[in-house]
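Now, the feature entries from Swiss-Prot:
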type     : residues : note
BINDING  : 83, 182  : heme b b562 binding site
BINDING  : 97, 196  : heme b b566 binding site
BINDING  : 201      : ubiquinone binding site
TRANSMEM : 33-53    : transmembrane segment
TRANSMEM : 77-98    : transmembrane segment
TRANSMEM : 113-133  : transmembrane segment
TRANSMEM : 178-198  : transmembrane segment
TRANSMEM : 226-246  : transmembrane segment
TRANSMEM : 288-308  : transmembrane segment
TRANSMEM : 320-340  : transmembrane segment
TRANSMEM : 347-367  : transmembrane segment
C-alpha cells in the first residue's frame, strides 16, 4: 500500500496534499475551516445536482418545480433545505476562515490570499444566482436590484444590464442563464480551490504563533485528518439541526410568494450573508459610489498584505491591534443588522457611520496600531 501511495502518479499527489503533508504541530481548530469549506462545497454540489434533476428554469414553472421537489420528490424537502442552509453554513465557514486569516496574518502568503479573494467573489456570485432560481418575490426583485447596479457604470452600463438580462427586464432569459451559470460555477470554484491549495502547499501553513514552524512538523494524517473529522461532524450536526428544526429561519417569507413584476415587496433585501455589503452599498447616496464601495468592501482584503506594518505576523501578542480587530468584527455585525433594516432614521446614519468605520479600521487604525506596537517593542 505504501508503495502505491508514494509511487502512483495520481495517488502520489493526494498523498503529498492530505497524508504525508508536513503540518505545524500547533495549529488550532481555527485551521479546520479550510477542510470544512471543502465539505460544504461537496454537499452543495451533490444536493444541487439532485435538485437540478427536478428543477425547471422557466419563469412559468420554476416556482412550481421547487414546490414539487419539496412535496413529491423522495426526500426532496431534505435535499432542498440542505442546499439552502448549506449555503449559510458555507458562508459562516468562509467568514470565519477569512477572519482567521486576518487575525493570524495569513494574508502575508500573497498568492494564496489573492486566490482566496477570487474564490470569495466566485462563491458570492454563485450564491446570488442561486437565490434567484426559486423565482419567488425576493428572488425576482433581488435579481432586478442587484443586476441594475451595473447600469451605474458610465457609458456601457445600460447596455451591459440589458445584455445580462437578455431583454429589457429580468425574465425567462435571465432565469435560464442564471441557472446555467449557477450550475457551472461550483465546478470552476473546485478548480480554483485546487489552485488555492497548490499555492498554500508552496509555503506551508501558518500557525498561531506566526513563527516559522519548519523545525516542528507532524504528518497531516492521522493527526489532522482526525481533527478535521471532528470539525466535519460538528458542522454536519449544526447543519442538520438547522435543516430539520429551523429550515426557514434564515430565509425570507417573501420568497414563498411567486415572483410578480407588478408588485414590489416593502423591503428588498438579500440573504443574511450579503447584508453587510448591502448596508455599505446603501450608505452612499450616489449609485456609482455605492457600487464602488460594495466591490471595495471585499477587494480591500487584497490591500491587507501591503497595510501590514507590524514586526510580528499575527495578532497573538499584539493587544492594541487585537482591540481594533474585534471592533471590526463588531462593526461587521452592526452592518449585517443595518442591511436588513428599512432605509429610514436612525438606520441610515448608523449604516453610514459603520461603513466609514469599516474602511477606516482596515486602512488607517490597524496599520497605525501596528506601528505603535513596534515602538513599544523597541522601548523594551
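Backbone N, Cα and C define each Cβ position, glycine as well.
Structure coloured by features recorded in Swiss-Prot.
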residue: 83; record: heme b b562 binding site; Cβ contacts under 8 Å, 6 or more apart: 44, 47, 48, 51
residue: 97; record: heme b b566 binding site; Cβ contacts under 8 Å, 6 or more apart: 33, 34, 37, 116
residue: 182; record: heme b b562 binding site; Cβ contacts under 8 Å, 6 or more apart: 48, 126, 129, 130, 133
residue: 196; record: heme b b566 binding site; Cβ contacts under 8 Å, 6 or more apart: 112, 115, 116, 119
residue: 201; record: ubiquinone binding site; Cβ contacts under 8 Å, 6 or more apart: 16, 17, 21
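Against the transmembrane segment (320-340), the recorded stretches 77-98, 113-133, 178-198, 288-308, 347-367 differ in Cβ pairs under 8 Å, and the greatest number is found for 347-367. Only sequence-distant pairs (6 or more apart) were considered; of these, fewer than three Cβ pairs between the transmembrane segment (77-98) and the transmembrane segment (347-367) are under 8 A, so the stretches are not in contact. Among the recorded stretches 113-133, 226-246, 288-308, the one sharing the largest number of Cβ pairs closer than 8 Å with the transmembrane segment (178-198) is 113-133.
With a threshold of 8 Å between CB atoms, the same-chain residues lying at least 6 positions outside the transmembrane segment (288-308) that come near it are 98, 102, 105, 107-108, 110, 113-114, 117, 120-121, 124, 149-150, 152-154, 276-278, 280-282, 355, 358-359, 362-363, 366-367, 370.
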